[in-house]
Amino acid sequence: MRWLLELLRVLLFPRHRPKGMVRPWALSAPVLVLILALPLLRPVRHPDPRQISDDEMALLATTQAWVEHETLSIDATDFKNTRTRVVVVDAGGVARSYAAQPPTMGVLLAISYRVMRYYGLTFARDGPTVAYLLTLLGVTLPAACAAGLIYRMGRLFELPRPKRALLAAVCVIASGLFTYATVLNVHVPAATLILASATCLIHLSIAQRKPITPIWLCCAGFCAALAAVIDPSSIAFAPTLAGVVLVYRWSWLQRIGGLLLFVAGAVGPLALHTTFVWRGSGELYHGMNFTAPPRTYDDADDTDVLDDPDEPGAFWKPIGRALGTAGYLFFGGHGLLSHFPVLAIGVLGVTMIMHRHWPQAAKVLAAGTLAAAVYLMVAYTIHRRPGRAWADWMFAAKWFVVFAPMVLFWSGAWLRKAHRTGSWVVVGVLLAFSLAVGIIGATYPQPRQGYNGYTAYLAVRQLWQGDTQQADSPALPSTRPFPIANPDLPGAADRLAP
């Protein structure tokens, strides 16, 4: 309540407004992100609907269906041909299609689209304009907010304001977050919400004035839960964020009460997600928990992990392929470190945080960030293999955007120390390369056909030549089989592909 009274005092009595209300260093990183991103938004550079990726089409389809038809079924939308969808057959034999992704993000975007439609903007007449505004509101502004949150969290490292602004800009642009801030997706808002939750918890740990603890804890739980229902990968951060509450310097009774407040804040997004899932496919993540998508083109070498269990050496086959995929996701064509090597400095910063003079909450958050990153990389190593469904492999590794900015944030622990000239040169080279790749990738992060090589090189070639199709990519068919949620019900086998 104190902050509300202070805000009213400033607005009603401008003469008593404190000096320094606008802090240029705090705004520098968010403004830089917006200046770089706005000309690169996908509806500006690639307005052709045929160039929209399936994931973006699924989001747009859910948004249009909810506003124009008051349903989550996308059969009557302009984006019904997306391949990111699942078919559900009800007890009466009626088959309906839903976007194969959590519906929460699409429904939140529907709020903005409803306002646009009220003022005369519709997908039918103003498709690129509506898509541009939804992209701006859904991912670009959250990416700019992420820079502001990182600047705020930078107080943990006791850095001067210029270095905090530098850290904020680097964490957004050189981690892949900026790359996907130009196209509609669920990963950027989820990453921003994870940062927001961490900011609330860090504020409780380092605030000089006594904070209003219940509000900050509820806000942290709300942001963490909203991230989880937007992008399921964010669930990996839930134990870490909740664990931070249990290591504050409070009594055990206060810690338990704080954890309950954190959970109370999470109830709203979870209830919202449950409501929309109940009205849709009925699946927890709207089709994302089905098996891997079918191949989009013939790939004779992409066989199953165990073609013949009795074949000699069959035991080592999955292990070898998992190691190969792990190497590919680290250093290959879609590798995290082959595109953003400066993330290694973030890992180094996590090890520096483990020293005893850092707050216990910071140690838990740093270790949990690294643990969540490792868990997600292992999970995708097991479930994703190069050569399968290239149309789902976008610039770098889109699934890792949710944790990359948080990992890079801990490089602030390295930045506050004095280092030799050679160390600065090495870090400068890694940073320059990561920044360049992040900006290049933002020109076309999600082509409809995906990337099947080193994505930074392919993006540069596309930018230079102006082509939207890869010369070495097999042509993708216009349709593919869709997973059916309940194939045993009548009518499931008769579902026709679009």
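Yeah, the Cβs are placed from backbone N, Cα and C, and that goes for glycine too.
Within the set 296-324, 470-498, the record from TrEMBL flags 470-498 under the feature region 'Disordered'.
Between the transmembrane segment (364-383) and the transmembrane segment (259-278) there are fewer than 3 Cβ pairs closer than 8 Å, counting only pairs 6 or more residues apart in sequence, which means the two stretches are not in contact. Against the transmembrane segment (189-206), the recorded stretches 130-153, 165-183, 422-444 differ in Cβ pairs under 8 Å, and the greatest number is found for 130-153.
Using the rule of three or more Cβ pairs under 8 Å, pairs at least 6 apart in sequence, the transmembrane segment (422-444) is in contact with the transmembrane segment (165-183). Residues 146, 150, 153-154, 156-157, 159, 163-164, 166-167, 170-172, 174-177, 179-180, 185, 187-188, 190-191, 194-195, 198, 227, 231, 233-234, 236-237, 329, 334-336, 339-340, 342-343, 345-350, 352-353, 358, 366, 369-370, 372-373, 376-377, 380, 384, 427, 437, 441, 444-446, 451, 455-456, 459 of the same chain lie 6+ residues outside the transmembrane segment (395-415) yet bring a C-beta within less than 8 angstroms of a C-beta in it. For the transmembrane segment (165-183), the list of distant contacts is 25-26, 28-30, 32-33, 36-37, 40-42, 53, 56, 135, 139-140, 142-143, 146-148, 150-151, 154, 157, 159, 191, 339-340, 342-343, 395-398, 400-401, 404-405, 407-409, 411-412, 415, 431, 434-435, 437-439, 441-443, 445-446: same-chain residues at least six beyond its ends, Cβ to Cβ under 8 Å.
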